[in-house]
Structure formats: C-alpha cells, structure tokens
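Participant: The domain 'CobQ/CobB/MinD/ParA nucleotide binding' annotation in TrEMBL covers B:5-224. According to TrEMBL, the feature ATP binding site maps to B:LYS11, B:GLY12, B:GLY13, B:VAL14, B:GLY15, B:LYS16, B:THR17, B:THR18.
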Amino acid sequence: MKMVSVLTDARSIRIKGRSFLAVVLSPDLPLDHWLTRLDDLAARSAGFFFGRPVVLDVTDLPVNRDELKGLVAALAERNVSIMGIEGARPSLIGPGMPPALKGGRPASDVDVANSAPSIEVRTPDSPAEASDAPMVEVSGEVRSTPQSLIIREPVRSGQSVIFTEGDVTVIGSVASGAEIIAGGSVHIYGTLRGRAMAGAIGNSSAQIFCRKLEAELLAIDGVYKMADDMAPDLRGQSVQLWLDGDAIMAEKLS
Amino acid sequence: MGKVIVVTSGKGGVGKTTSTAALGAALAQRGDKVVVVDFDVGLRNLDLVMGAERRVVYDLVNVIQGDAKLPQALIRDKRVESLFLLPASQTRDKDNLTPEGVERVIGELKEHFDWIICDSPAGIERGATLAMRHADIAVVVTNPEVSSVRDSDRIIGLLDSKTVKAESGERMEKHLLLTRYDAVRAERGDMLKVDDVLEILSIPLLGIIPESMDVLKASNIGAPVTVADSRSAPALAYFDAARRLAGEILPITVPGDKRSGGLLSKIFSRRAA
Ligand SMILES: Nc1ncnc2c1ncn2[C@@H]1O[C@H](COP(=O)(O)OP(=O)(O)OP(=O)(O)O)[C@@H](O)[C@H]1O
Ligand SMILES: [Mg+2]
C-alpha cells in the first residue's frame, strides 16, 4: 500500500493492492475456428465469462497488431471483456487496447510457476475433439496445508464462492444461478441447483458430492458436464461424481 | 421503537405494492400506528393503491433534501385513522435518495410509529438496496413460478449481506409471502407447488394470497384490499399474514383447498422453527 498526499486537500488517496482470480484464455490459430469453439463453450455454459476478469494470453500466438485488435473486438462482441493481455510484444498493443500484463503468477507461499495448473474446457460427450476445445487456465494461490471452508447456510442465486485452497462444504442448498468453485472437493448437504467446480486449479482426484442433484453445471479439474449431459436417472438423487480420465463419472449414493 | 419492514422481491409486478398497502392497513385496522413508505422513486404507485394520489404535497425526496418536514409529507388515511402514507416522488429520480437521508427519515419514523413498511422498487439496484438497508424484518413477495423464485433467492442473499443488520452480524428476520396463487392452475400443475417454493427459498411462510379479482377492484377504488372488502379471500389472507407478523401463530391455509390446512401448517411450523 502506498499513501500519496495532495497539497490542495488534506485527505490522502489510498492505493491498495488486491489479487483476483482471473480466467486466462489462450487462443490458437486459425482464430475463427477457435472463436467457434469458444461460442460452443459459451452456449453450453451461458454467462461463464460474464463479469469475470479475463486475461488474454498470446504468448506464441503469431498475430499482428490488427489481428490482435480484431480478436479483442470479437471477444467484446461476445461479452468477454479483456482486462489485460499477457505475452504480447509491446508493439502489438496499440492505443485503446487492454494493457499488457506481466508476471501473472501467484505470489504466495508456494510457487506454482513451473507446474502452472490449467483447466481444459472439454465437451464430455465428444472426447475425440476434446483437445480442440479452448483452453481456460485458472491460476490461484496454493497453500502448503490443505484447508476447508464450511458454509452453514444456503448459497443464494448470484452468489459465488471461490476457495482455491481446499474443500468447500455447504450445509444447505446451492441455488440456481449460484456457484461453488473449489480447489479441492465440493460437498453439498442439500440440493445442488447451481454450478459446482471441483479441482478448479488442477486436481483430478477432487470430487463433487451432493444430497440432491439438480445442477446446472458440474466441473472437475476443468472437465465440464452441463445439465443436459447428465443421465436423467441421476436427477434428484444423492450423487457422487469423480473424474476418470477425461470423463466425469457419477454414481448414486445409497 | 417501531419495527421496520421491507416488502421486496427482485422481480417486478409480483404484488409488492398491493401487499405493502394491505399489510399496512391490516396492522392499522388492529389499532397499531402504521406508516407505509413508497421507495419507488420515479414510478410511485402506493399513493394510487391507497387512494391518496390527489393529496400528495411533499414526498420522501423533499424530506430527505430538507425542503419539507416529515409531518408535512405524511398523509393520514381517510378510512383508517392510524394509517399514514409517506409518498415517493414521481418527478425526481432515485439518485435523490441518499443513504444518510434515508437513515435519518427512518430513524425519525421509528420514534412515532409501531410499524414502518417500506415498499421496495423491483430490481437489485440502489432503490431496492436503500429500501432494505434499515429493515428489521423482510417480507419477500414471490409468485409461484421459477423466475420469481430465483429473483427472490437473489434478494435473500442481499438481505443477508447488504443490510445494516447483516453488516453488524445480526440475522435479518425474513418471511415468504406467496402471492397471486391460483388454485386452478396449481391443480393442473402449471405453477410451482407451495412446498417446492419453500424448499428452494428455505425461509418461513407468512401467508398465501390467492389470485383474485378483488385485488384489482380494490386498487380501482383506491383502497387497500383489506379496507375495500374485508371479507374477500385476499383480504382474509392478508389479515392472517399481518397477525403472524405481529407474532401470532396461526395455521396456514392454501387458498381454494379445504383439505390441506393441516398439511401446510406442519410445513409452516417446521419452517418457522
Ligand atoms: N393477489 C392478486 N390477485 C390478482 N391480481 C393481483 C394480485 N396481487 C397483485 N395483483 C396485480 O398485479 C399487478 C402488480 O401488482 P403490484 O403493483 O402490487 O406489484 P409490484 O410488485 O409492486 O410491482 P412493481 O415491481 O412494478 O412495483 C397489479 O395490477 C395488481 O393489481
Ligand atoms: Mg410496486
């Protein structure tokens, strides 16, 4: 934090540092194909990017200044607003473009720079094309001791619980339009109507448990399943979900 | 000190203004001193439903800006002696409501009235958050359909985070008022069931108000439905809801359904526990 005093006014301006969990998009060529896949993802998970900080990573992407400008505009059209561009040569970033970002690394106890956790967004019903899907990379702080977050009331529509340090347990329901994002497993002792994302910064052994499954979206380690992809006989049941390779598996809890 | 109630919903047109007028009148008809406050600056309605539109001289914004004193802006109801209206401004916009001004007016009203009932505008913006800010009790008005239920859920989240009560670590008392309940459509399965709504929102049920022509008739003659026709089905449901607000424990009846009184009273007592 830094304090700056202005002579004309006794009040000081406070400048604070704050870190946010940003979604990183790493496009590949040809860009129109990548955008099509992004549209497909957005259609399956409406509002995924809405109101989230998104960083565009263009490291190793051979584009010129106009192409990059076009890409930012194409994303803006899709309501994905870019807060910064990572890995771009300075000459690529013209006026009116999002600022260049550097050093997007967690600055806490454990440096995860080399094992940069990543989530691949995949369409679970078409594993053959899975590697074609756009990459969404979520990086966050990692602590050395596993932690848990316990919420003792319902998570209401519009609320978002983000806890990358470990497991999230909700004693109550998760409403339609609410979301739980956990670095570890997600446990819902109530009805899961919204979204649950387990292993959100890379953890394929994370699981999702809920007393009653009515979810809009489930994700483990970046592998997604939308409501329509779920077996109808699991609806309304007590369910556990886990990851087997690239597929989300589910089983009723008796 | 009076109790402050906010009547809120998220979604528009679900019956907040109707319910504010009816609950306010019902509490005043019991002899309590009540003021209903219109927070819907720019789209005021409560004056019409109360039949006071031609008596508005000063409004909430005038009082907040210091152009009028509170007693000058309060309008006494012509039929129920202990019922008052603090109207909203139709010409100003909602930016004229300042948090400090609202706090001062509510504080002053608490000294003079048993109940201060705030009619919230729809939405989750400034007007709605200011209306709920100083409430002790929230009445969440919901219609038995999915979009209304989800918006109410959203509002409950705000009640638990953006109010003075929540910020000081206390729990806001919240009640569900299910309105425009249509027995015929419920029978056909065209509406959400009462227990589904209760399960999703998990707050105690204050009452179920039937869909009824009597509500429209009452607003056409400019009277709260409990005053316009105190024997009508919606009026009876609002009277019961008002008694529950005042702390009485009554079984809940589902409008148009003679069998289920017992069943729902079970749900009610469980939820209200
Ligand atoms: N129980 C009912 N039966 C029939 N009509 C009703 C009932 N309750 C409300 N209405 C009608 O629904 C309409 C909307 O009601 P009201 O104005 O009370 O809603 P509101 O939530 O205050 O709306 P807004 O969000 O616009 O302020 C009105 O025309 C009213 O007469
Ligand atoms: Mg209204």
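Keep in mind that glycine also has a Cβ here, set from the backbone N, Cα and C atoms.
Curation does not apply to TrEMBL; its annotations are automatic.
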Participant: Which of the three DSSP states, helix, strand or coil, fits B:GLY13 (ATP binding site)?
Facilitator: coil
Participant: Could you tell me the mean pLDDT the prediction assigns to the domain 'CobQ/CobB/MinD/ParA nucleotide binding' (B:5-224)?
Facilitator: 94
Participant: Does B:GLY15 (ATP binding site) have same-chain partners at least 6 apart in sequence with Cβ under 8 Å from its own Cβ, and which are they?
Facilitator: B:SER9, B:VAL141, B:ASN143, B:LEU177, B:THR179, B:ARG180, B:ILE209, B:VAL215
Participant: Could you list the residues of the same chain, at least six apart in sequence, whose Cβ is under 8 A from the Cβ of B:LYS16 (ATP binding site)?
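Facilitator: Result: B:VAL7, B:THR8, B:SER9, B:ASP119, B:SER120, B:ALA122, B:VAL141.
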Participant: May I have the list of same-chain residues other than B:LYS11, B:GLY12, B:GLY13, B:VAL14, B:GLY15, B:LYS16, B:THR17, B:THR18 whose Cβ is within 8 Å of the Cβ centroid of the recorded ATP site, in sequence order?
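Facilitator: Other same-chain residues with Cβ inside the cutoff are B:SER9, B:SER19, B:ALA122, B:VAL141, B:THR179.
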Participant: With the Cβ atom as the reference point and anything under 6 Å counting, tell me which of the binding-site residues (B:LYS11, B:GLY15, B:LYS16, B:THR17) are near ligand 2.
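Facilitator: Near the molecule: B:LYS16, B:THR17.
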Participant: Please list the binding-site residues from B:LYS11, B:LYS16, B:THR17 whose Cβ falls under 6 Å of any atom in ligand 1.
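Facilitator: What lies within reach of ligand 1, judged by Cβ under 6 Å, is B:LYS16, B:THR17.
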Participant: Indicate the candidate from B:GLY12, B:VAL14, B:THR17, B:THR18 with the smallest number of other Cβ atoms within 10 Å of its Cβ, considering only these binding-site residues.
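Facilitator: Across B:GLY12, B:VAL14, B:THR17, B:THR18, these binding-site residues, the one with fewest Cβ atoms within 10 Å is B:GLY12.
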